[in-house]
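Shown next, in structure tokens, is the structure this report addresses.
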Amino acid sequence: MSAPTTATPPGGVGEVVHDAPARGRILPRPVTGQEVVLVVVIAALWLVLGLATPAFFTSGSIIPLLVSMSPIALIGVGMTIVIITGGIDVSVGSIVMVSAVVTAQALVDHGLSLPVAVLLSVLVGGVLGLVNGVLIAYGRVQAIIITFGTLNLFKFVGLQFFGSSTVEGIPATFAFFGRGEAGRTLGIPHSFLIMLVVATAAWFYLRHTAGGRHFYAIGGDAVAARLAGVAVRRRSLIAYVLTGLLSGLAACFVIAQGTTSLAASVGSGTELAVIAAVVIGGTSITGGRGSVLGTVLGALLVQTVTTGVTQLGWQSQLSDLFVGLFIVVAVGADLVRQRSRRTS
Amino acid sequence: MTTTTAAPLRLEGVSKHFGGVTAIQRFDLEVAPGEIVALVGDNGAGKSTLVKIISGLYQPSEGTIEINGEQVTFRDAADARAKGVEVVYQDLALVDLQPVYMNLFLGRELRRGPLRVLDRKEMARQTQQLVEDLDVRIPSARALLGDLSGGQRQGIAIARATHWASGLVLMDEPTAALGVAETAKVEEVILKLKSRGAAVLIVSHNLDQVFRIADRVTVLRRGTQVGTRPTAGTDKNEVIGMITGLSS
């Protein structure tokens, strides 16, 4: 670095050893308070469930849990980035539906191999994400309005593929992602492992690269980011395309979880589960702050609650109640943090 | 400093029209190294338009801009930045949720290693050095920007401009939102900048401030340059007369 400003060292600065770096922390901290809380809550729930229902700590219970949470957490990785930029994508459920129906139909009609089918699904998701991204980044319309529109639009497109029936006779190509024996290595579901790899890469990218930090800067103050030379529109576009690609991959997991048929209801409500996981994970809904680790933990918590309610034999609406409570608590914690910052 | 004789900023006959409206009419100005020139004028006189022209956000309709003796045409703010023109904006253009050092390096982050990983340690070190040089008192280079006071934040905005400027710093109302003590602090930082040889063009509504820190003052009235005076050779009444067009 040829710093042009080193010519005049002002009086007596020399080697001032400041104690500030010792006190200061490398922000953002690798693990936030919210993530610690989540780990504790999840551990407590697992303990309680383990004591209440002996069946909980068997592979017959844990593996479906991990398989079920994987698509939510996977899409959550993209959604986290979108929400960090101050946006939102409520169309992910419809993206999953379109990707799933196109891919399932292609499996039935053409008997695609696994890699080709995955590629197809991911590409379909990416194209739909691109539609969102272009409209939001270059059309400068509120993300929630755009994606609410594309939610319905994509749904319509998906329903045309279904043609008022279901896709039947899907071959077992995606068993690799399923909960059966073929979907596991060393007892761990492949879908879960893939989700972990994606989440780890995203974590590294967000935390340790300039491009990753720019997402946070955009959510913190888009104008300031633009004036500082951040490519705001390109970054937003990337966030939505990435979410689309991951939704396409998640669609493969969703097909693998089902039977040999696929109904038109596939993917519906996914957006709510994903946003719940992201928010519970501590990502600020107003942008500028958040983490992928939190989202993965959030997805695990939501799935634990759902599984737990089922296993305890309680009525299933109770899981909605609990997830709702977690969201309220998480958003409340975020608000308290923001207010205490403003008044400090 | 590599500056020899070329002025960090030279404007010649710069005009700007928006449709049929003339926002700036034939504006000439030269700012020397180590000089602070104040740009004053009433609301709507064209001060901000001029700053936006020099910082690349607007393109002049006519006239030439020279930076360090080189004639330039900026297509956007990034072009101007590349030529060493730095701007301290009125609304700061800083991100509250990011630490001080990330704000300083936003868009120009230092990276290391094959993975181009952020070099936080080096960014924080350089930031610490810079704020100490400029005597901006902040708790730490790693503090969150949102936790700083208005004066500290303005100090950071100026420090960022200083760090990247290779000669010219533009300031648009840098103390408009600050209290008395914080304004004094920021003025100290601006004078420090001058003593390091930077050319400063500052937009200010505060004539007391103009006479405290500026070497020369140039007045705009409805887009027309009324005149330029050395602050030592004029007084507030004359400048007010020039701003309003009424002789007192």
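The first residue you see is number 1, and the count goes up from there.
Keep in mind that glycine also has a Cβ here, set from the backbone N, Cα and C atoms.
Features reported for this protein in TrEMBL:
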- A:36-56: transmembrane segment (TRANSMEM)
- A:62-83: transmembrane segment (TRANSMEM)
- A:90-108: transmembrane segment (TRANSMEM)
- A:114-138: transmembrane segment (TRANSMEM)
- A:145-167: transmembrane segment (TRANSMEM)
- A:187-206: transmembrane segment (TRANSMEM)
- A:237-256: transmembrane segment (TRANSMEM)
- A:262-280: transmembrane segment (TRANSMEM)
- A:292-312: transmembrane segment (TRANSMEM)
- A:318-336: transmembrane segment (TRANSMEM)
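Under 8 Å from some Cβ of the transmembrane segment (A:187-206) lie the Cβ atoms of residues 59, 63, 66-67, 69-71, 73-74, 77, 80-81, 84, 176-179, 212-213, 215-216, 246, 249, 253, 256, 291-293, 295-296, all in the same chain and six or more residues away from its ends. The recorded stretches the transmembrane segment (A:90-108) and the transmembrane segment (A:237-256) share 3+ CB pairs below 8 A when only pairs 6 or more apart in sequence are counted, and are therefore in contact. By the Cβ criterion (distance under 8 Å, sequence gap of 6 or more), the transmembrane segment (A:292-312) is not counted as touching the transmembrane segment (A:237-256), fewer than 3 such pairs being found. Remark: the transmembrane segment (A:145-167) contacts the transmembrane segment (A:262-280), by the rule of 3 or more CB pairs under 8 A.
Ranked by Cβ pairs under 8 Å to the transmembrane segment (A:114-138), the stretches A:62-83, A:237-256, A:262-280, A:318-336 are led by A:237-256.
Long-range contacts of the transmembrane segment (A:62-83) within its own chain (CB-CB distance under 8 A, at least 6 residues past either end) are made by residues 56, 89, 92, 96, 129, 143, 178-179, 183-184, 187-189, 191-192, 194-195, 198-199, 202, 206, 215, 219, 239-240, 242-247, 249-251, 253-254, 257, 270, 273-275, 277-278, 281, 283-285, 287, 290-292, 294-296, 298-300, 302-304, 306-307. Within the chain carrying the transmembrane segment (A:318-336), a Cβ under 8 angstroms from the stretch's Cβ atoms is held by residues 34, 276, 279-282, 284-285, 298, 301-302, 305-306, 308-310, all 6 or more beyond its ends.
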